[in-house]
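Feature list (source: Swiss-Prot):
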BINDING   8, 9, 10, 11, 12, 13, 14, 15, 16, 17, 18  ATP binding site
BINDING   187, 196, 199, 202  Zn(2+) binding site
């Protein structure tokens, strides 16, 4: 029996990963991290979506310590989300160490459940400039987890080389485009579905959807060549 852990936020990317994983694995467990995020409504959305789609189980883990250490527009209500990059070249929505912590804890959870894979929706093609979404980082932490726990584990990144339009196409391939569009929460301001239409996350999501809807055949062909 095959088992996977999906790092799950209830957003477009992780929901698309969950939809795909449910067709590939016998047991799919979701893990969501509560780090005091600005858009904490995502935790309730994640609970609802995981239950609705039929995940085997869903664990919500309190990692509030991250909020104390990582100052970001996603962890502080008094820091507006900016479209501009900071002096260090990163967006102010970057939460330092977030994926280091999330993937480490998901790897430990996989050890506990005997899961062979941890699935995360990080992407290097249309990412927001976060260094912990890069393929190089994921491969590095995957190797560290294998060495540190002396157990085979694969961190799977099905969206790594897909752009946002292709991610929409992947949801559509499984007949879930409307579900992902209407039920997920990607917006930094906590608006479900198409979002606030103003934050960087909404811009990325909308541009990808518009591209896919305008060029379905070619985008789907590009997707098929990558998966």
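Heads up, the Cβ atoms here are built off N, Cα and C, so glycines get one too.
Feature annotations (Swiss-Prot) mapped to structure.
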residue: 8; record: ATP binding site; CB count, 10 Å: 31
residue: 10; record: ATP binding site; CB count, 10 Å: 25
residue: 12; record: ATP binding site; CB count, 10 Å: 26
residue: 14; record: ATP binding site; CB count, 10 Å: 26
residue: 16; record: ATP binding site; CB count, 10 Å: 27
residue: 18; record: ATP binding site; CB count, 10 Å: 26
residue: 187; record: Zn(2+) binding site; CB count, 10 Å: 23
residue: 196; record: Zn(2+) binding site; CB count, 10 Å: 13
residue: 199; record: Zn(2+) binding site; CB count, 10 Å: 23
residue: 202; record: Zn(2+) binding site; CB count, 10 Å: 18
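DSSP assigns residue 199 (Zn(2+) binding site) to coil, not to a helix or a strand.
Under the three-state DSSP scheme, residue 12 (ATP binding site) falls in the helix class. When secondary structure is read from DSSP and collapsed to three states, residue 187 (Zn(2+) binding site) falls in the coil class.
Between residue 196 (Zn(2+) binding site) and residue 18 (ATP binding site), the C-alpha separation comes to 24 Å. Apart from 187, 196, 199, 202, the Zn(2+) site neighbourhood in this chain, defined by C-beta within 8 angstroms of the site C-beta centre, holds 186, 188, 189, 191, 195, 197, 198, 200, 201, 203. Residue 187 (Zn(2+) binding site) and residue 18 (ATP binding site) are 19 Å apart (CA-CA, integer value). Taking the Cα atom of each, residue 12 (ATP binding site) and residue 199 (Zn(2+) binding site) are about 15 angstrom apart. Cα to Cα, residue 10 (ATP binding site) and residue 187 (Zn(2+) binding site) are separated by 11 Å. For residue 8 (ATP binding site) paired with residue 187 (Zn(2+) binding site), the C-alpha to C-alpha distance reads 15 Å. On the backbone, the CA of residue 199 (Zn(2+) binding site) and the CA of residue 14 (ATP binding site) stand 19 Å apart. Take the mean position of the Cβ atoms of 8, 9, 10, 11, 12, 13, 14, 15, 16, 17, 18, the recorded ATP site; other residues of that chain with a Cβ within 8 Å of it are 6, 49, 121, 184.
For the pair residue 14 (ATP binding site) and residue 202 (Zn(2+) binding site), the Cα-Cα distance reads 15 Å.
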